[in-house]
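Participant: Following this message is one structure expressed as structure tokens.
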């Protein structure tokens, strides 16, 4: 046992000497990993003999030393093969030949001269992610197992390199756009240059507008049209909405004319009946009827949507909006209910917009969770 402890001490002393030497030669890095293999082999043997401590050092379990030994063997053999290539005389430091560098994407190869690439999802600085573009990537050929150096490249699609006529991506920004972004667009900032999103296919977007409930309460065809519009582009959707609004406005005007012909109230009664139409209360209750075009001439009227659903779902959705979507609307209300509907468990959240274009941009960008009903409307503006 003393011989095993002495051999372990000598091995670890040599490892410390290499750390202090801080060499940039490949031979020293190969020696370092050879000593790492020897250290794990000695610890494995000590554990097999029933030792849990060697001096003040704890002997790891067999599974731990076995895994570390395999890792050291993999890197050691790779560096030995690299020594027979044309890049053996290049500077190689402990950092360049570390296990962490070996496992960093692209994996199972050696990388040098990293350059930071910043990707801003949705064009927002708050949603920026940083990646590393390796300008020198040493990969192994598929045919002769020889190590060759290729250049790391960047495009709007991701980070990649060309090897043996094949383009190999090791980072695709599209995958992270589903996690960090909302619109499926991003800008790449590298070396003082910006690569913009020049082609966006709305079909491949990860954001859609579900229609769990009727978006328009005044007609029976509007929910079906809203569902079909989820796959349309913003310009087509805007034109379709304006067409629906115009048809609904004409229907409402015809109904009002028929009511005026069938009912002939006295002048005073007619004047009294018209006065409540300009009150805030009537506008609040009229938000279920989507005819905002008829109110665009009123400077005190603003577009809104009412979200109806479970109170907890509404609170969570409002919290997410305040964190990442606050530029798409003016303000949001607290969770509220109608006092006359005590048995109804549904609640409401009202969202205000500065313009109808902002509301359309919100609906085409934000994905409303299932179970929350969206009701378009308009309200009098107050502060």
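From the backbone N, Cα and C atoms, a Cβ is placed for every residue, glycine too.
Straight from Swiss-Prot, here's the annotation block:
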COMPBIAS  218-228  compositional bias 'Polar residues'
COMPBIAS  248-260  compositional bias 'Low complexity'
COMPBIAS  261-270  compositional bias 'Polar residues'
COMPBIAS  271-288  compositional bias 'Basic and acidic residues'
REGION    1-206  region 'Transactivation domain'
REGION    198-296  region 'Disordered'
REGION    301-383  region 'DNA-binding domain'
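Have a look at these and tell me how they're positioned relative to everything else.
Facilitator: Residues of the region 'DNA-binding domain' (301-383) grouped by DSSP class, helix first, strand second and coil last, total 27 helix, 26 strand, 30 coil.
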Participant: Please average pLDDT over the region 'DNA-binding domain' (301-383) for the predicted structure.
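Facilitator: Summarising the region 'DNA-binding domain' (301-383) by its mean pLDDT gives 84.
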